[in-house]
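Data first, discussion second: the structure below is written as structure tokens.
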Amino acid sequence: MASRTNTSSYKRMFGGERPAMVRSTYSSRQYSSPVRTTSRVSYSSASSASPSIYMSKGARVRSSGPLPRLATETLDFGLADAINTEFKTNRTNEKAEMQHLNDRFASYIDKVRFLEQQNKILIAELEQMRGKGSSRVGDLYQDEMRELRRQVDQLTNEKATVEVDRDNLGEDIERLKEKLQEEMLQREDAENTLRGFRQDVDNASLARLHLETKVESLQEEIAFLKKLHDEELAELQIQIQEQHVQIDMEVAKPDLTAALKDVRQQYETLASRNLQESEEWYKSKFADLSEAAARNNEAIRLAKQEANDYRRQLQSLTCDLEALKGTNESLERQLREMEDNFSMEASGYQDTIARLEDDIRNMKDEMARHLREYQDLLNVKMALDIEIATYRKLLEGEESRITTPFPNLSSLTLRETMKETRPAMDSLSKKVVIKTIETRDGHIINESSQNDDLE
């Protein structure tokens, strides 16, 4: 006899081994000898620890106790905020796929019930066929079990496909979030540039006001200098006219006293001396006035030149101011357009965020419902597996009792069975599978599995 352990999705889903089957073959008949196996399945996570499930299979299974229930991890759906809007487009497809899986599982349950009826029929046939030789009940049972295992594997593959689609949707969500962050950064850069332009406009306005004030002060100073120069010229002209009149009067007086020649001569001498002094004073005064006029003319020329320079600077600044006004108007227009665009984009992003939040809430509810349904299905499947194991043990017990009417072969069968069963019993042990998952902010940061064999 050969001991074989089938490894399939059963192990991946429930973390345990399939019950070992030990076959004893004699001539053309096949008999299944039950081997007692014990398996323990335990799941644990970083956030919560769920109770373990202990299931013992032996030659007899008592059905009076409550059915074991598979423990599931306590899921924190608040960590699933990373799921994005792409789920909405695939939600209907996933729902249809889950409904299809539910229908297939319902058909699987119907088939199991049908197998129960077939088992009853086979038990009746076994009662009739006792003493008539071996039957192909074991082969039929194995064929049905292989078919059921194939269906379970197919369901597992479909489940893996759905999980891959879910991971792809998560990647799309991350890509959209990165794009949203880039758009927000571009908007901040544009706002910073706009603030810089506003500062430049303010500085240009202050410079223009300062230059206008300076031009006004220079114009007032030029007007004051002109007025002062005109007043000085008027005073000089008045002084020159008074001196001419005085000189004429002093020269004419000697002409009135024809009788007094001596006095005339004295006055003539005095007049000539006064005239000479007046001429010298006039020349010196005229030189001073000419020098002052030259200085004033130079000052006026410099003032005019400076005024012309200021006028040119004023014109240049006026042109710059007009250009800055045009630039300011253009920037303000661009600012209004950008604000309108950003407001529309922000409203669109807000709508997208609201839609994403609605989709996330819906997906959370949908995931919770699917998990509850999956838990119920796992519980039903566990109960069905226990019932199938019970019926299998009953069938094996019936087959083992068929061998009792053959006294000549009993010792040989017993020896072969014991010989093949002992190594299988020695190799079987209690296995504990501990799976630990640590999550943070909705992301799995650590996942580990530990297998412990209990002798």
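Cβ coordinates come from backbone N, Cα and C, glycine included.
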Annotated coiled coil segment (source Swiss-Prot; candidates 87-122, 411-446): 87-122
Which same-chain residues, if any, lie at least 6 apart from F342 (site 'Stutter') yet have Cβ under 8 Å of it: R187
Segment confidence, the domain 'IF rod' (94-402), expressed as mean pLDDT: 77
Per-state residue totals over the region 'Coil 2' (260-398) - DSSP helix, strand, coil: 138 helix, 0 strand, 1 coil
